[in-house]
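Peer 1: This is the feature table in Swiss-Prot:
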- 144-164: transmembrane segment (TRANSMEM)
- 194-214: transmembrane segment (TRANSMEM)
- 243-263: transmembrane segment (TRANSMEM)
- 270-290: transmembrane segment (TRANSMEM)
- 297-317: transmembrane segment (TRANSMEM)
- 330-350: transmembrane segment (TRANSMEM)
- 384-404: transmembrane segment (TRANSMEM)
- 417-437: transmembrane segment (TRANSMEM)
- 482-502: transmembrane segment (TRANSMEM)
- 505-525: transmembrane segment (TRANSMEM)
Amino acid sequence: MVTATTTPPQCWRGLPALARAPPPLSSPLRPRAVAAAAPIYPLRRRIAITTTRGRRGTLDCSPRCTLETAGPGFDPLGLYEEGSNSLSRSPLSTFFGIMAPVFGSSSGGGASREKASGRGAAAAIEDSSIDIGDFFKGPLPGKFLKLLGFLALSRLGVYIPLGGVNREAFAGNLDQNSLLGTLDSFSGGGIGRLGICSLGIVPFINAQIVFQLLAQLYPKLQDLQRKEGEAGRKKVLQYTRYASVGFAIVQAIGQVLYLRPYVNDFSTEWVLTSVTLLTLGSVFTTFIGERISDLKLGNGTSLLIFTSIISYLPASFGRTVAQAFQDGNYVGLLTIILSFLLLVLGIVYVQEAERKIPLNYASRYSSRTGELQRSAYLPFKVNSSGVMPIIFSTSSLALPGTLARFSGLDFLKKAAIALNPGGALYLPTNVLLIAFFNYYYTFLQLDPDDLSEQLKRQGASIPLVRPGKSTAAYIKTVLNRISVLGSAFLAVLAAGPSLVEQTSHLTAFRGFAGTSVLILVGCATDTARKVQAEIISQKYKNIEFYDVNRFGQ
């Protein structure tokens with residue numbers, strides 16, 4: 001038996017005659033009369049429905065939702081703009097439509113409500129029903145306290161210095177090395193302070209780079225990441241941890257050898273103690289990063305670097321301002337500030353840019369038009385890889401210098417000088433590495449073949465594209481084009497600050513260039529997005545979608 005409740009007459013206001021008429025007899029959702037005792041007129045939030053295939057669903061019986069569902073184009077989530085209703089709405093009516101669930105009367109009598117925006121009920125809930133009080137109702141306060149505790153713990157090791165080193169002389173040498181200055185900003189000043197956690201998360205990042213390159217050379221390792229799912233990724237992560245310990249030992253030895261001119265008593269005991277402390281500090285920082293990732297409020301590696309850059313920002317900005325006032329270069333200071341603001345705006349714009357591919361679902365059939373209705377889309381971000389290519393590129397450029405300090409080979413020393421910021425090979429090598437890591441990381445996160453198979457299993461298809469290999473080829477083409485745009489964007493970030501420095505004749509934010517701004521903006525937007533998703537999921541847990549007994553059905 002096909003059952004559904006009839007739409008109340010007061011919900012028909014403003015609808016065309018065709019929309020008021022009952023569905024045809026061949027419709028999979030054919031209404032029947034409801035008993036007189038059943039209250040059908042009050043404005044209910046949800047009414048249960050049952051179709052011939054035994055599927056359960058809900059029908060929003062408020063006037064705003066009836067206007068959305070009764071029209072010829074059923075688009076409750078408002079993912080498409082080609083509907084006639086969306087073309088005729090004004091921005092003012094859209095605003096009042098979104099705010100209607102918040103300020104509207106729950107009794108339904110007397111006052112008429114504005115139509116909701118074409119984005120639908122789900123978007124209205126997301127946009128208008130989240131306030132500051134919702135943050136304190138779920139587990140988010142506890143998660144944020146844990147996050148702040150982990151971040152404070154990671155900063156503690158930066159202020160515990162190695163003994164027996166002339167830090168003033170080393171800090172003066174650090175000012176002359178731009179690449180070390182950049183790495184110092186990533187460690188939050190840990191290298192300049194010679195803290196036991198000065199290596200930070202860099203050894204773990206280097207280990208990730210090596211395993212991602214090995215995955216291209218050894219297909220078994222690539223299959224372990226992709227085909228074995230979560231279990232395979234955990235195995236690769238465990239191997240990466242072991243490799244990061246090896247990288248930490250090598251980098252600790254290199255840093256100790258680099259500190260030799262500034263050490264009062266360079267003995268074997270001091271070397272072993274310092275290498276052990278630096279290695280343990282790196283392992284400890286990596287452990288904290290993984291615990292932060294488990295909170296699902298953002299990537300632990302990115303958040304650790306985010307905290308380090310934030311802690312480094314005041315001193316860096318103060319140094320630039322002091323230099324500008326000392327030289328009387330006020331125009332250059334204004335140029336740097338304006339460039340910084342434009343850089344932030346550009347990063348936010350590109351970070352939120354998406355390429356949306358519409359999807360058709362075979363199970364979503366419109367009884368009024370007799371056609372399949374598009375009700376979802378596949379989003380691809382222009383900069384889907386985020387800040388990881390820049391972090392990988394910076395760590396790769398620092399690797400020759402570390403190896404040169406460890407081995408003392410002349411060609412490595414020359415390569416390190418050429419790859420330093422301002423060197424002959426720094427800019428082209430940095431751009432090429434960013435493009436490579438961006439392309440690779442994009443396809444590491446999104447496998448076109450796997451994505452095509454998932455769409456096929458879910459009964460979804462891209463319009464005018466055959467399921468299977470054709471869909472995979474189409475997705476690969478889209479990702480190729482997106483990766484080119486993302487690489488160009490990241491290359492501009494890498495090259496832009498040096499051009500600003502040449503124009504303003506100031507050392508603009510030593511170690512705090514476009515890469516650091518991208519990390520800050522990317523981490524902030526990612527964390528805000530995940531907090532919003534957590535609040536919305538918490539609110540949906542309290543919604544009763546199939547409360548049939550409540551209405552006597």
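Each residue, glycine too, has its Cβ placed from N, Cα and C.
A description of the local structural setting of each listed feature is requested, covering burial, neighbours and distances.
Peer 2: A Cβ distance under 8 Å defines the sequence-distant neighbours of the transmembrane segment (144-164), meaning residues of its chain 6+ beyond its ends; these are 187-190, 193-198, 259, 263-265, 270, 274, 277-278, 281, 284-285, 288-289, 291-292, 295, 297, 303-304, 307, 311.
Listed as Cβ neighbours of the transmembrane segment (417-437) (distance under 8 Å, sequence separation of 6 or more from its ends, same chain) are residues 177-179, 182, 209, 385, 388-390, 392-393, 396-397, 400-401, 487, 490-491, 494-495, 498.
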Peer 1: Given a Cβ distance threshold of under 8 angstroms, which distant residues of the chain, six or more beyond its ends, lie next to the transmembrane segment (270-290)?
Peer 2: 150, 153-154, 157, 162-164, 195-204, 241, 244-245, 248-249, 251-253, 255-256, 259, 263, 300-301, 303-304
Peer 1: Is it the case that the transmembrane segment (194-214) and the transmembrane segment (384-404) have 3 or more CB pairs under 8 Å, with pairs at least 6 apart in sequence?
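Peer 2: Between the transmembrane segment (194-214) and the transmembrane segment (384-404), contact is present.
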